[in-house]
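Taken straight from TrEMBL:
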{"type": "SIGNAL", "residues": "1-26", "note": "signal peptide"}
{"type": "DOMAIN", "residues": "127-441", "note": "domain 'Sulfatase N-terminal'"}
{"type": "BINDING", "residues": "CYS165, ASP375, ASN376", "note": "Ca(2+) binding site"}
{"type": "ACT_SITE", "residues": "CYS165", "note": "active site, nucleophile"}
{"type": "CARBOHYD", "residues": "ASN290", "note": "N-linked glycosylation site"}
{"type": "CARBOHYD", "residues": "ASN510", "note": "N-linked glycosylation site"}
Amino acid sequence: MAPVAAVTRWRLLLVLSAAGFGAVGAPKPPNILLLLMDDDTLSRWLPGRPCLRKQHVSDACTLAHRVGFCKPSPAEATLSSLLAKARLCRPLSLSDSCPLLSPAVAAAPTASCVLPQQRRERFLLKMGWGDLGVYGEPSRETPNLDRMAAEGMLFPNFYSANPLCSPSRAALLTGRLPIRNGFYTTNGHARNAYTPQEIVGGIPDGEHLLPELLKGAGYASKIVGKWHLGHRPQFHPLKHGFDEWFGSPNCHFGPYDNRARPNIPVYRDWEMVGRYYEEFPINLRTGEANLTQVYLQEALDFMKRQQVAQRPFFLYWAIDATHAPVYASRPFLGTSRRGRYGDAVREIDDSVGKILSLLRDLRITENTFVFFTSDNGAALISAPKQGGSNGPFLCGKQTTFEGGMREPAIAWWPGRIPAGQVSHQLGSIMDLFTTSLALAGLALPSDRVIDGLDLLPAMLRGQLTDRPIFYYRGNTLMAVTLGQYKAHFWTWTNSWEEYRQGIDFCPGQNVSGVTTHTQEEHTKLPLIFHLGRDPGERYPLSFASTEYLDALRGVTLVVQQHQKTLVPGQPQLNVCNQAVMNWAPPGCEKLGKCLTPPESIPEKCSWPH
């Protein structure tokens, strides 16, 4: 989507010479690594905790470093500076009161520190905004990601394209909203949907995926980890541009009995090489699995081979250790103060460190762009043992509140992106598509709407672009953010029936009239929040205020423009059929692992929330 308007003022100064970038005669375009986390868990955060007082210093020196109580190490000083630039905190003295975002609550005796948001791209995993040390997580268990941030750029205002995994991943690889690329359902109003193994649909042939387009610049591409864009043969990632694949088409749910439901296969390229809980064991009791180490080795081997071949590469590292059921390998189990989830985060952090270390050893850091982010917010319903933290933001995965879609994001490109910087550009996971094509010197497809924005001006020159963020749930536009203002046209967490059964997407965060358990329409008079003052979406602006009316005018114009040109794609997530599950994937006959499918009975998928 075209930017609404250019922002001429800079919020911070970024100085970088772009000499030689894209120059004629350059040996090859930069390598691109997207690190994607699953169910975002980057940092378990300060907001929501009481403000720092003297008594907290002894048991939270890491946090004290953030606010100036202790003498920080050079690395901690850099992180503290990043937090300040990201407006996550300000320095405090021992006598200071808590930094509050709203004067209205300045006198509250139990006020909590509240911090703004962040996003990540290029290495994609499932985590929450508050799971990394650089985002304020106090256990200091992500040193490699923290170093990556200190050497690169943070995006505290970065968003997924959907509060659920499959649609967000489809948006990343197409640069288009799920409502355009078909990754949504019309089976109910405002229903989340994804790709379990009984789903009939998947990524449409008509969509142009990033690896397919990068072939035009000579890139070799590989996906490591979870695909999640359809498991039937026509949706195979190697049919949509990838050259190599090691991973699975679905989440690692199970184990199943291979009678009513088959275990999920693991593929190497075109054929399965085993199944989860069989050749690739996951111990649900202990949480032990060696998958992250396998995925790490796949990534390292691929990068080494492409360097020998002197071919630019695109690596999409989409591991899922932080998605319930959470797992980690034996050396990491029991090592975190955050339990099994923390063990998984520590192993991922260690893996990212090894990936970046290899880039240094190969001496290709200055020709490799790396982006780390997540596909949706932390699954608070699984927290704390199986889920992460969304920091100061409201609710989590499955919702279109900030906790469901705001992500941590780190860009790393030594010698190109200035170290230790923070960009307040509103970013989206779809921007990785557009930015990657710009890095490769390729034009965007001209026959369709592309929603992603090129982030290179923000990263290389500090140039900010005004653009909206749309929050869809299924086929319904739930909210939009423009600048600092977020307008909700519908509010809903999940049904009262589910909530009474213990399914809570917003534990401990009930906000009257906002976190509703019935679908509440606000299209005529949206609820509008100022996310700078109120990132937790707790205090809607007064309908009668001049500020509300001014914000409403801007938002209304953007939504009208969006809806006027919107052509929804054919919904892919409406039909389910037990017969299309992973009974007999390609290669099963070589392993003696083909199973007999049941009778084919297509039916309407049920999406309860």
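Yeah, the Cβs are placed from backbone N, Cα and C, and that goes for glycine too.
It should be emphasised that the depicted structure is a prediction, and the values quoted were computed from it without experimental measurement.
Looking only at the domain 'Sulfatase N-terminal' (127-441), the predicted model's pLDDT averages out at 93. Cβ neighbour count within 10 Å across all protein chains ranks ASN376 highest among the recorded positions ASN290, ASN376, ASN510.
Between the alpha carbons (Cα) of ASN290 (N-linked glycosylation site) and ASP375 (Ca(2+) binding site) lies a span of roughly 22 Å. Comparing the binding-site residues CYS165, ASP375 by how many other C-beta atoms lie within 10 angstroms of each C-beta, the top residue is ASP375.
Put simply, of the binding-site residues CYS165, ASP375, ASN376, the one whose Cα is nearest the Cα of ASN510 (N-linked glycosylation site) is ASN376.
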